[in-house]
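Peer 1: Take this structure, written in structure tokens, and hold onto it; I'll ask about it next.
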Amino acid sequence: MYQNKSSIFLILILGLIIHKYYCKEQTYVHNQAKPARFHVAEFNFDHVSDVYAITLWILLGSLAKVGFHLSHRLTEKFPESCLLIILGLIVGALLYITHLAEQKAYVLNSDTFFLFLLPPIILEAGYFMPNRPFFDNLGTILLLAIVNTLFNTLCIGLTLWGFSFTSLYGGTVFDMLPCFVFAALISAVDPVAVLATFTEIHVNDMLYIVVFGESLLNDAVSVVLYRMFDSFAKIGQENLIPTDIILGCLSFFVVALGGVLIGIIFGVVACFTTKFTEHTPVLEPLIILVYAYLAYLTSEMVSVSGILAITFCGMVMKQYVSFNISKKSDATTEYVLKMLSSIMETIIFMFMGLSTVSDHHSWNTGFVLMTLLCCLVYRVIGIAIFANLANCWRLLELTRIDMLIMSYGGLRGAIAFALALILDETKIPRKKEFVTATIAVVFFTVFVQGITIGPLVKCLNVRRKQIEEPTMSAKLTNRMMDHVMTCLEEISGSGGSNSLRDKCRNLDRNYFKRWLLRETPQEKMDIKLLQTFKKINMQSAMKVHDTSKGLVPAPSSSAIHTSASGTNLRPESTFANFSQILAANLPEQTVPDLMFFENHHGAEQYRDDAQMHHFLDTNLYRARPRATIHLRSQDESAGTDGVAHNRFEKSYHHRNHIYIPSRLDKEQIHGRKAGKTSGGTGRSTASKAGSSNITHSHTHSHSPKHHTSSVSKQQNEKLRSASPVSDQKQQQQQQQSKTRSKSPSLSSDQPIRPSSPTAEMYRPSPPISIRIDNDDDNEILDGTTAAERICPWRRSSIPDAARSTSTSPVNDPSNTTQTASNTNDPNLHPGPLTSANYSGTYHKSPEYLGEYATTTKPEEHLSRPNIRDLFNNQSRIPDEKQENDMETNSDESTTQL
Amino acid sequence: MGSNASIMLQQEDLQNICQQTGFTAKQVQRLYSRFKTLDKRDCGFLTREDLLCIPEVNINPLGERLIDVIMDDYGENNKINFKQFIFLLAKFRRGRVKSSTTEFNTRDSKLRFLFDMYDRNHDMKIDREELLQVLKMMVGGNIHDDQIATIADHTIGELDSDGDKSITFEEFCKTLERIDADDKMSMKFLS
């Protein structure tokens, strides 16, 4: 609390400073008095005044937000919006009392509001709109947004007007049309307020999307109604002809559909543009933002609904852009959007508080109370009617409690306020009453409803948003249900929403994806399933990562060296190789995954942080696997199930939808500093972050075999001088043949919790230095990477200590060997060879490489020279690393090697 | 529609069916006409081939498996007649209100159907092989066996609470607790 108070003080002082600067006379009087001479330093506030004030406001808002969140007690009880309004009120009152600035300097200006403050919030909302729930509930949302808003407007307008014949308003006369104008602006649920409140209470997706979707889409209705009644009021009640009303109704469709259309067009153009930004990834976020803003401005220009335009623009862009742009740009876009919208929201609420304190008020108790009552009552009635109506066709019915929350969540906000402020006082004489009533309603909804809705949701036990991670089985069964239901719907002859969804998906895949994405997805498989699997693994990894206490950056850096090189690849080639090789090689062990690692909670002391860190790094740095499927799938599946899965091919998204915390990013960047590769720009991080666990685990589980086989086939002569390697190789092959007879599925074994001595044995083996003679030049490679590369799960999941110790160190030297030799072999595919981690290991035969050499893109060649740097860098580190490793490694494993 | 040349859709049959399944007469008639359309040879039952003629089913990765289930569990001798057909579909009728729930369209019976999609040997357990089969169908041909096997193991590991490496119906239901299976396994029958 103390911190909070002090921050409020700070903010107040800041506010005062700002407004001191507004009094321009103070600063300029003495300028005129002096004769013109050269000034060493000049105080030129005028030059920056506007921007300075804006920047200070933003700073004030941010500091306020930061301040509020320092106190958990405060933010738990009150929504942020309330606190901001209170802050605004306090600052406003101070300014008002001290008369430091003229009123209009800090009152919410509707131009500012509609042109600058609102668009980022709506764009963010559209961009992060959960598409599927939105379209699943589209019918309900539309019904509520259009019909319910219309109903509310008419009822509120009529009631308010009706009561003007009684003495309730104390003799103040309200005409019919002004009443309707007011009703139009007050009846619309405000997206900003809803967003601010509902994101804090975490209701289930369906409820959230219904209320929020309504608040977004009713903009069209409220804008049309507002404009219509406003212009009617200007025309004058007696001059109205039916044509006006018909045109007004017609304009609804123009405004709504026009907005949607403009949004979609700009969204599509934005996606199309990002198709070509491969070489300028820095601009990608900007392109997205600019197109969205342009959509908003364009639609405002042609006076259609800008909110709808920017919402749909965001939705369209999200669908495609994120597959085009690099992972980094994607993260940046998301971050910038979040940042912008959060600061705009802050400023909006603050300004609302500020502008409340002004002379432009005329409190009419009867009118205010009547408005409030109308808003509440008609909201409840409207929801009751239309939610029940919607239930007729909804599969998932809206329960009474849902309806209650929906009506209670009908918050009014800044849009209403801004609309009230731009009323023309000459045409609508009761503007002041309207503004006051609007503020009263907004404050009531934001304060009373906003504060109580959280406890209410808890109290009524509303289904909360499920935060648990998806389980594999749930995903699988879910997908199965989808398949079965589409099938059955077709059999029963009732084309339902499922088939419609399939049709949309087809359209999407056949046309939009083809035109808008850089790489046309051609894969034929259920990718989402695979993605979930990766996601689960990734999440487990993150969980483990979070539980580990600190991170030791030094040992991991070399791992990054090797793996970072892999990020320059074009994924097509690599993943194609991957699947090809996988198919070519008989599976010997199943891919172990993080489940095992997770199961070993008892083994925490062995889970040393460096290894964990490394493990994650190797995970994160993998190239995106999507392309695998692109290239190979056609040939592979054509014979067997090509026809059968024709329709069910899904896009393979190279975005993994996994949010990687900034902490990790930092580490990545940190690691990359050490092993810097210049070839990979933003793309490399993209591929790193979008790494797939499956690829990863495959690499590891198969690596012993691939290494040996490929090394023996192709690289034998190159390894002749490296006798330790060949020795080890033989050893390893023996090991392999022994283990081959083991259970085919590692993962089906119940994970064994290792006791501490065994775990000690499973430690990665000590670093070994191998000298490799290449044809062209000699390169000294350090095998320390080997130790780093050992998958942590391996030591715990494989009960055989000897195996893990013998295989893993060997495969890595051979791996690096191969990579090194590949670098010098012009016949080999330049792309995959940059990846020390898997591409090299998966190359089975030279012909295979040759085949893929044709598919490489020029940028891969650029990355070639870096590899040597990479390895050179690497060789500098071993000393410190050796130390690290020596501690952990038992003598046993050393001798074995 | 159902009245012309109806083989078995007599008035009392209709009422019977409506009563048992909870369909309205109109829905039943509509389904009957659908049945007739599918039954191209006009012999009063559908065969595998009839169902496979539906493009949607033909290309659905689980289409064949679904037909297996339909034919084995609901029809007989690779045939399914209208009564069996409508009892099958009655499972997927929306049981919104308590009163409209019949023995067919309970959540349990829907889950049962899903379970049967996996469990083809009717031993009330989904074992690894069965899961693998379904996974392969759903994933397509170009994922390596290893990957699928891992996914299968992962899935079994998630669900298997008694450690017998197979999933019983109870275990199966448990994971679906958080999914609104009842809703997802329901469709709207036009009337």
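Including glycine, each Cβ sits where the backbone N, Cα and C put it.
So TrEMBL lists these for the protein:
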type	residues	note
TRANSMEM	A:7-22	transmembrane segment
TRANSMEM	A:51-70	transmembrane segment
DOMAIN	A:65-458	domain 'Cation/H+ exchanger transmembrane'
TRANSMEM	A:82-101	transmembrane segment
TRANSMEM	A:113-129	transmembrane segment
TRANSMEM	A:141-163	transmembrane segment
TRANSMEM	A:175-199	transmembrane segment
TRANSMEM	A:206-225	transmembrane segment
TRANSMEM	A:245-270	transmembrane segment
TRANSMEM	A:335-354	transmembrane segment
TRANSMEM	A:366-389	transmembrane segment
TRANSMEM	A:401-422	transmembrane segment
TRANSMEM	A:434-457	transmembrane segment
REGION	A:548-567	region 'Disordered'
COMPBIAS	A:555-567	compositional bias 'Polar residues'
REGION	A:654-897	region 'Disordered'
COMPBIAS	A:697-708	compositional bias 'Basic residues'
COMPBIAS	A:728-748	compositional bias 'Low complexity'
COMPBIAS	A:749-758	compositional bias 'Polar residues'
COMPBIAS	A:803-826	compositional bias 'Polar residues'
COMPBIAS	A:857-867	compositional bias 'Basic and acidic residues'
Peer 1: Would you confirm whether the transmembrane segment (A:82-101) and the transmembrane segment (A:206-225) meet the contact rule of 3 or more C-beta pairs below 8 angstroms, pairs 6 or more apart in sequence?
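Peer 2: Contact between the transmembrane segment (A:206-225) and the transmembrane segment (A:82-101): absent, because fewer than 3 Cβ pairs are under 8 Å.
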Peer 1: Where, among A:51-70, A:141-163, A:206-225, A:245-270, A:434-457, do we find the most CB pairs under 8 A to the transmembrane segment (A:366-389)?
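Peer 2: Looking only at A:51-70, A:141-163, A:206-225, A:245-270, A:434-457, the most contacts with the transmembrane segment (A:366-389) come from A:141-163.
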Peer 1: Between A:51-70, A:113-129, A:141-163, who has the most Cβ pairs under 8 Å to the transmembrane segment (A:175-199)?
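Peer 2: Checked against A:51-70, A:113-129, A:141-163; highest Cβ contact count belongs to A:141-163.
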Peer 1: Taking residues 6+ outside the transmembrane segment (A:206-225), which of them lie with a CB under 8 Å of any CB in it?
Peer 2: 122, 125-126, 129-130, 133-134, 136-138, 140-142, 144-146, 148-150, 153, 180, 184-185, 187-191, 194-195, 198, 248, 251-252, 255-256, 259, 305, 307-308, 311, 396, 398, 402, 405-406, 409-410, 415, 419, 462-463, 465
Peer 1: Taking residues 6+ outside the transmembrane segment (A:401-422), which of them lie with a CB under 8 Å of any CB in it?
Peer 2: 107-110, 113-114, 117-118, 144, 182, 185-186, 188-194, 197-198, 203, 206-207, 210-211, 219, 222, 226, 348-349, 351-352, 355, 375, 379-380, 382-384, 387, 431, 434-435, 438-439, 441-442, 445-446, 449-450, 453, 456-457, 460-462
Peer 1: If I count Cβ-Cβ pairs under 8 A between the transmembrane segment (A:51-70) and each of A:113-129, A:245-270, A:335-354, A:434-457, which range comes out on top?
Peer 2: A:335-354
Peer 1: Looking at the stretches A:245-270, A:335-354, A:434-457, which one shares the most CB pairs under 8 Å with the transmembrane segment (A:113-129)?
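Peer 2: Going through each listed stretch, the top one turns out to be A:335-354.
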Peer 1: Short question: which residues 6 or more past the ends of the transmembrane segment (A:434-457) have a Cβ under 8 Å from it?
Peer 2: 77-79, 81-82, 85, 178, 181-182, 185-186, 190, 193, 196-197, 200-201, 203, 349, 352, 356, 360-364, 367-368, 371-372, 375, 404-405, 408-414, 416-417, 420-421, 423, 428, 464
